[in-house]
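Novice: Have a look at this one before I ask anything.
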């Protein structure tokens, strides 16, 4: 109960901060929006081999991948905010209170999830003119997968931030993690185009499973087992990541 | 109210053969009474902040015991957190929220309900002279206003003990005096206040008792007046019109004198136990010998002198 109350309290504070400087949310969508308009048109010929015959088909393959990349990258860079609050005394001032330690981290991470989902909604709306129509049930399920991915990547970022405790090292580490995860989840180009060994490696990447599930939902292939698989795997990853970061955080801050 | 026994902090760095350890706090003992303003005085790096952070449950001690308001620091950190308030040197306000929002959040982090937290925040804002700025963002505040918000947050759960790390560093003289008044007001309400400072005048003016820490060890402890008396008594400087040598000889023989030094320009320095009673006696002695007195001046030792005596160097070095 206390954990829920405290998490809600910290979540509200961070939402307030986000709403006071909404520019960050919009800036976060700028890059995916540019990709959507300038990069995706190149894809139609490339995606023909995986069954994309029309522009709309190509976008339905491309957009879900980009959303996964957004959830992954959006989450992975949140550690900088935590390092900032550790440096400016906000965390310390919270630690002398009886507030739940786990809530300090979870409240933040949930704000990060909201940020990512808002960005995903913006991208989804921007995709409408390109013929990306998805039925509302599938879309909501897709956002659930994205939320799980964002919560996982945010937790991973916080955990690493506490371990390295240095913004420039954090930047390097996050870049080195984000890049292979992104490439191996077929977010930019589907891995169906990749050689077998690369696909085998990618099978160990939870974000690749998430991307597969999300694509099935966008295409309207609702019977595809990739959907439930992606939910189970993303949920599993989320649980592991949250527990790991919460333990790392509570151990380091007592 | 605060009892510390053998408190130690060792920082370890490196691994294997390269491992080094630094003893930041080397087993200190302290007792702080209820309702006292206790000053923890020392140069930067002496172990002040480390000790304070241990007492505020932010760091774990390597060894030793401490109880605060009856709660054991090691075994009951949650109970200690409820009983103490802590304000770090740099504070902990966020730029984009208002002072009121910060104070309400702090109260709510202690588990206080929303309505009660808002009521307390209102009262705290008034008590700390912040009502006028309550709904402006923290980034618009002056250093003194920000520090007052920090302290209002530190006492919002009505703790019995308040820890303040360098509460006036970086403040202009007026804000500093204001801050001293706030701290005295908290003491008047029955709170025990434990502050660290490297300002000797602050320790002297504000604190009921002080401890001087140097290289992780307590080198002196007592009221500022006791500490000053302990080291040297008072110094009286006398300037005579002529015959300084003879005046020195005469004064040196008197029972109230602990030593005389004859300096240039007919100046004499006398060490005495109590300057205020020695002055009339000095005047009588000189008058009796027919030596004309030009000026006479009393110097009380300052905490600077105490610090110099106890640590062998000046705090400003």
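Even glycines carry a Cβ here, placed using N, Cα and C.
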Novice: According to TrEMBL, which stretch among A:113-134, A:201-222 corresponds to the feature transmembrane segment?
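Specialist: So the range that TrEMBL calls transmembrane segment is A:113-134.
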Novice: Against the transmembrane segment (A:226-246), which of these stretches has the most C-beta pairs under 8 Å: A:61-83, A:140-165, A:177-198?
Specialist: A:140-165
Novice: What else in the chain is close to the transmembrane segment (A:61-83), if you only count residues 6 or more beyond its ends and a Cβ gap under 8 Å?
Specialist: 28-29, 32, 35-36, 40, 43, 47, 50, 52, 91, 108-109, 112, 115-116, 119-120, 123-124, 127, 130, 132, 142, 146-147, 149-158, 160-162, 165-167, 170-171, 174, 177-178, 181-182, 185-188, 190, 207, 210-211, 214-215, 217-219
Novice: So if I exclude everything within five residues of the ends of the transmembrane segment (A:140-165), which remaining residues of that chain have a CB under 8 angstroms from its CBs? That is, six or more out.
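Specialist: For the transmembrane segment (A:140-165), the far contacts come to 64, 67-68, 70-80, 82-83, 86, 105, 108-110, 112-113, 116-117, 120-121, 134, 173-174, 177, 206-207, 210, 213-214, 217-218, 227, 230-231, 234-235, 237-238, 241-242, 244-246, 248-249, 252.
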